[in-house]
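Visitor: Quick one: structure below, then a few questions.
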Amino acid sequence: MAFSVEMPELGESVTEGTITQWLKSVGDTVEVDEPLLEVSTDKVDTEIPSPVAGVILEIKAEEDDTVDVGGVIAIIGDADETPANEAPADEAPAPAEEEEPVKEEPKKEAAPEAPAATGAATDVEMPELGESVTEGTITQWLKAVGDTVEVDEPLLEVSTDKVDTEIPSPVAGTIVEILADEDDTVDVGAVIARIGDANAAAAPAEEEAAPAEEEEPVKEEPKKEAAPEAPAATGAATDVEMPELGESVTEGTITQWLKAVGDTVEVDEPLLEVSTDKVDTEIPSPVAGTIVEILADEDDTVDVGAVIARIGDANAAAAPAEEEAAPAEEEEPVKEEPKKEEPKKEEPKKEAATTPAAASATVSASGDNVPYVTPLVRKLAEKHGVDLNTVTGTGIGGRIRKQDVLAAANGEAAPAEAAAPVSAWSTKSVDPEKAKLRGTTQKVNRIREITAMKTVEALQISAQLTQLHEVDMTRVAELRKKNKPAFIEKHGVNLTYLPFFVKAVVEALVSHPNVNASFNAKTKEMTYHSSVNLSIAVDTPAGLLTPVIHDAQDLSIPEIAKAIVDLADRSRNNKLKPNDLSGGTFTITNIGSEGALSDTPILVPPQAGILGTGAIVKRPVVITEDGIDSIAIRQMVFLPLTYDHQVVDGADAGRFLTTIKDRLETANFEGDLQL
């Protein structure tokens, strides 16, 4: 029996939707909940799933058609009904009887765990990374030929126009062949690597040994040297530093060491877990070797760039203290002593000495003049003595690739004027992908179109003004630092500042219902909402989205933290549902993520307010205790509140902000952490 697929209700007050793209065609077989098409409204862009399993018999609305909610857009039936495209109209009235058998048929057992690869190599294909995504660009291989991988262990990083993600291994085994290089753009379904067992690795490994003549001596002795960009540590220990983990992040807290002194590690094998106020992440080993010293303990907060460990070989473990005494002298033997490297690699340096470029034939330590390079490319450049400032990248957006470094090392790209001073443009917060936008005119996406329309409209129909309060976050910062490890262990989510802001704002909205309100100019009525449905602004590659935490007044801080992470993740991966973007009564936007101290956020009616949270910065402040003034270093933040004067008066806005300020400065959140 055929089933009519109707345009669903995609949010409050939404009466129609525009079909932007059909993901299936007539004759295609679909499963229950498999995406059929993409629909756009003035509130959301979303995929419409199939309500039943079967074959698409007829499509009744074309792309770019605007269809009323409840309008029939397609007919789905059985395969033997395909020729009878005229029949579905009579069969549509009885969907209830169809749904039971239809939903029972397609149910499939969960896919069994991927088996280990056998001697016959298993193909690793470029996966489908989203609807309408047909290709992906390999940004970095995390493994090399000869490496052993487990099921679901990350193999490589891939970038598309919708998402950057890691691709896991479908099987356990040994990588016997890599068929696509970094920066290659590969079609979905194309084979990018092969995984087999150790025996299967023997033959392909020899085939891959030929591309770069310089790498042959390295690959002949240990098979671990498949990734020449990251050399193994030698007898002289290599410093492991606290990396820069985001813009404006100056320090990180070590939450857990995953390795101990004496442990052997491979390149990119996780060493420790680090937490900042923006991210929790694992820090990989920059070299292969043995951990000879750990210089920072768990729960220590360490500045970016500080040495936290040292890695050498087994011999280096015996006397790490002696190696520390002369780090400058160690660096020379590291490059000259390794037996794995033939003298052949020192010759290019001598030749370079006869050219103007030789004066700068070392890697720029800061890399500020370089558009963008991966850590592996930077290590390769250091190994071959190539100054990245003199290399012209051939990758996307001028990105320097491995091939560019090798070409420069071979003297293929060494112009006489390379040593000339280069303008030190900043690369902080620069997305090299955006370089291709220069000099072009492009149609905006749906999110940008809606944002442009709604923000201009909001300024025309509401009386917006902004009030700014300053809040001392020192006590919250101390409470957060003290409880972060226990919070992560118990609740499985990082404790950032945002849940504290959300908790304080939600409580203030309950206490000040005149701010959690909406004004109807036509009926001259004010609605005071019973629930606090808090919109959270999320920066996504496609643009700004504001998903909603419904009934936020009923949530604890752990529940708020989990809701924020969930909504942000689904926003960036195009997984939001229509209800996630509707019903908001107030908005919070984190304007401080890139260091902004303040802003004037734009509210979108029917909401009456939006609160910005600026960057939390340490600065000297006059404080008064027991009637005595003193100057102290405090962690301060600005909270700009934009509100609609049709709904809220200035004095009421001030009282609302004062309530938030008092809650945050008092910082009595211990009971709210549920530890």
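Heads up, the Cβ atoms here are built off N, Cα and C, so glycines get one too.
So Swiss-Prot lists the following for this protein:
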type     : residues : note
DOMAIN   : 2-77     : domain 'Lipoyl-binding 1'
MOD_RES  : LYS43    : N6-lipoyllysine
REGION   : 77-124   : region 'Disordered'
COMPBIAS : 84-95    : compositional bias 'Low complexity'
COMPBIAS : 112-124  : compositional bias 'Low complexity'
DOMAIN   : 121-196  : domain 'Lipoyl-binding 2'
MOD_RES  : LYS162   : N6-lipoyllysine
REGION   : 200-240  : region 'Disordered'
COMPBIAS : 205-218  : compositional bias 'Acidic residues'
DOMAIN   : 237-312  : domain 'Lipoyl-binding 3'
MOD_RES  : LYS278   : N6-lipoyllysine
REGION   : 316-368  : region 'Disordered'
COMPBIAS : 321-334  : compositional bias 'Acidic residues'
COMPBIAS : 353-366  : compositional bias 'Low complexity'
DOMAIN   : 372-409  : domain 'Peripheral subunit-binding (PSBD)'
ACT_SITE : HIS645   : active site
ACT_SITE : ASP649   : active site
Visitor: On the three-state reduction of DSSP, what should I expect for ASP649 (active site)?
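Guide: Its secondary structure by DSSP: coil.
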Visitor: Looking only at the domain 'Lipoyl-binding 1' (2-77), what is the mean pLDDT?
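Guide: For the domain 'Lipoyl-binding 1' (2-77), the model's average pLDDT rounds to 86.
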Visitor: How many other Cβ atoms are found within 10 Å of the Cβ atom of ASP649 (active site), counting all protein chains shown?
Guide: 11
Visitor: So if I draw a 10 Å sphere around the Cβ of HIS645 (active site), how many other Cβ atoms end up inside it?
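Guide: Within a 10 Å radius of the Cβ of HIS645 (active site) lie 13 other Cβ atoms.
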Visitor: What does DSSP give as the helix, strand and coil breakdown of the domain 'Peripheral subunit-binding (PSBD)' (372-409)?
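Guide: Reading the DSSP string over the domain 'Peripheral subunit-binding (PSBD)' (372-409) gives 24 helix, 0 strand, 14 coil.
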